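A.B. asks: Dumping the structure here so I can ask a few things about it.
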């Protein structure tokens, strides 16, 4: 789309990255793009770095759904969110200059912690901050599903299923399926206490509610993608699939499952 000409570069400051981005900015201007200094002015936001930098870029620019996010890897290979390589500038220019840009949409999750709202691209995690079993009543919609005892839980988007969720044996979910995945962290299962003991998937119209049992473990660590949210006396966390999505450039040779194969196999 030719009206997308304002580009904002998001990256972690370092001498090496500053020099690399200086060259990218010059190249962008040579091809008719306008480099802007605030993300609110941009309709293309380029994240320079790995997947962690991409998550930061999306969060720091407020999960905009009216622009394109572009992930550019620095280290010579692509990542799950970084479709381009910083050394392959021809591919970047060709894709962003195209009259008919194909767009890939990634869903977000809405998270509410005691009435305070957040959004995540990968996952929200809630864990004990002390060496003590964490107890939560788990509700699916209005149904009391179980009382969880263990280290915590992860609730992930389909794209986030490849991250923290996968490292604790959660399933990788096709992002074309609108859902959230709930994965336990070290659940306590014995003759006295019982949880489901496996990940489970909820459809887009379901709401998950975690009610914290106030037994001295009411100061949990809540992870919002790769950021920690610190708060005391947490009573309730609600999670659902958001109606909002972010957009990235879709490449013909870089589908989600090609990325999964490239990353893990």
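Cβ atoms here come from the backbone N, Cα and C positions, even for glycine.
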A.B. asks: Among 42, 186, which residue does Swiss-Prot annotate as binding NAD(+) together with 51, 52, 122, 123, 149, 151, 162, 163, 164, 165, 166, 167?
C.D. replies: 186
A.B. asks: Using all protein chains shown, find which of the recorded positions 51, 122, 149, 162, 166 scores highest when you count other CB atoms within 10 A of its CB.
C.D. replies: 122
A.B. asks: In whole Å, how far is residue 164 (NAD(+) binding site) from residue 51 (active site, proton acceptor) when you measure between their Cα atoms?
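C.D. replies: Cα to Cα, residue 51 (active site, proton acceptor) and residue 164 (NAD(+) binding site) are separated by 13 Å.
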A.B. asks: Using only the Cα atoms of 51, 52, 122, 123, 149, 151, 162, 163, 164, 165, 166, 167, 186, which the record gives as binding NAD(+), return the largest interatomic distance in Å, rounded to a whole number.
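C.D. replies: Of all Cα pairs among the recorded NAD(+) binders, the widest measures 31 Å.
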